[in-house]
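Colleague: These came from Swiss-Prot, pasted as-is:
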- 4-169: domain 'EngA-type G 1' (DOMAIN)
- 10-17, 57-61, 120-123: GTP 1 binding site (BINDING)
- 177-353: domain 'EngA-type G 2' (DOMAIN)
- 183-190, 230-234, 295-298: GTP 2 binding site (BINDING)
- 354-439: domain 'KH-like' (DOMAIN)
């Protein structure tokens with residue numbers, strides 16, 4: 001059965017993200033002293049008394065501000081409450097009840113949902129009881145004094161919470177594919193995610209950088225589970241101020257690191273930038289499978305049968321780190337070619353996890369040597385390849401045993417890699433070659449195994 005969901009709501013800077021981190025046992029959500037810093041709703045698994053549930057961290061609620069984001073944040077909170085089994089309303093015990101707290105409480109009372117009031121920042125147990133008592137006036141039942149920083153009081157709160165959650169064991173999750181959606185700000189990452197999953201799950205706004213956190217969404221398609229990680233837009237370092245956005249860039253790189261495959265989203269209306277190149281290099285360095293997604297293709301004017309080919313040529317020229325990745329020309333707005341993304345992801349992951357027998361690898365190496373022997377040095381020393389074998393997957397990694405690795409310069413190493421790709425494919429994934437020096441006797445022992 002699906003895990004029950006608990007929505008965490010409240011006004012800005014009452015400690016919602018710190019509270020969620022406490023429940024989840026990790027420092028994952030961005031915590032920073034800025035109203036509305038958690039713009040999207042983020043899901044974290046939590047456990048209490050052998051019970052598992054998901055905690056949804058929503059943005060700080062404000063009802064009377066002119067900010068462009070605040071209506072979107074309220075909408076995200078509403079969506080979280082619609083799918084929740086219970087809610088936790090976090091308030092600030094040091095500040096006492098505010099007018100905004102009363103507004104939020106009135107809004108929550110209209111919902112047919114159990115609501116617990118967590119009075120945060122109650123660092124003293126004795127004073128906490130006094131501070132919490134003020135919040136009876138919200139009309140939501142007993143307030144629970146807690147300290148998200150120290151963890152005090154959360155046990156009593158959670159004991160009450162699990163009485164509202166359905167009993168039952170959760171089934172083990174099916175194997176899933178982790179997909180990071182990455183790219184510069186405003187290339188359409190969240191719009192792409194929304195189109196793929198069919199709901200306004202992530203905030204979408206024309207203002208650059210509206211998705212600050214790395215958000216997970218799990219869906220099932222064609223019998224396979226996909227965990228989509230929608231990352232914040234990645235800017236040049238000189239354009240990233242200290243604060244939440246800097247943390248989000250770090251989070252985006254973490255999302256790439258924990259993914260199986262990265263959808264690198266590009267804007268068809270803009271040229272490939274230096275930041276696109278740096279991001280492509282990072283994906284390759286991390287050894288992640290990748291699919292290039294050229295978004296907004298519907299907005300490209302005067303297209304003909306040669307337009308895609310011309311763009312693809314420029315794309316691979318600029319992003320030579322990812323010349324092994326397939327490119328899809330799509331529109332999140334119209335849905336053009338979106339159905340091909342799942343197949344491309346599946347194919348890339350299959351190649352990323354692929355293993356080839358040692359006999360096949362050595363057949364490819366011998367064929368490559370037949371057409372192009374390693375060049376000799378000025379002193380007449382000739383490079384020799386004794387043996388090759390695949391030693392790892394994700395990404396596919398091959399050990400090449402040679403007489404002296406220093407004799408094989410970059411050009412010849414690229415030639416061997418290109419021959420492996422030409423003969424064996426591995427489209428959609430980087431491959432790595434480990435050049436290992438071995439004495440002839442050691443090499444003979446390896447071959448004999």
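Sequential numbering from 1, following the chain as shown.
For all residues, glycine too, the Cβ spot is worked out from N, Cα and C.
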Colleague: Specify the nearest of the binding-site residues 10, 13, 58, 122 to residue 186 (GTP 2 binding site), where nearness means the distance between Cα atoms.
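Modeller: Nearest in space to residue 186 (GTP 2 binding site), counting only the binding-site residues, is 58.
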Colleague: Indicate whether residue 297 (GTP 2 binding site) is helix, strand or coil by DSSP.
Modeller: helix
Colleague: Per DSSP, what is the residue tally for the domain 'KH-like' (354-439) in helix, strand and coil?
Modeller: 32 helix, 22 strand, 32 coil
Colleague: Tell me the Cα distance separating residue 189 (GTP 2 binding site) from residue 16 (GTP 1 binding site), rounded to the nearest angstrom.
Modeller: 26
Colleague: Name the secondary structure element type, per DSSP in three states, that contains residue 16 (GTP 1 binding site).
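Modeller: Its secondary structure by DSSP: helix.
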Colleague: Sorry to bug you, but what's the C-alpha spacing from residue 58 (GTP 1 binding site) to residue 189 (GTP 2 binding site), rounded to the closest Å?
Modeller: 20
Colleague: Rounded to a whole angstrom, what is the C-alpha distance between residue 58 (GTP 1 binding site) and residue 183 (GTP 2 binding site)?
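Modeller: Answer for this pair: 24 Å between alpha carbons.
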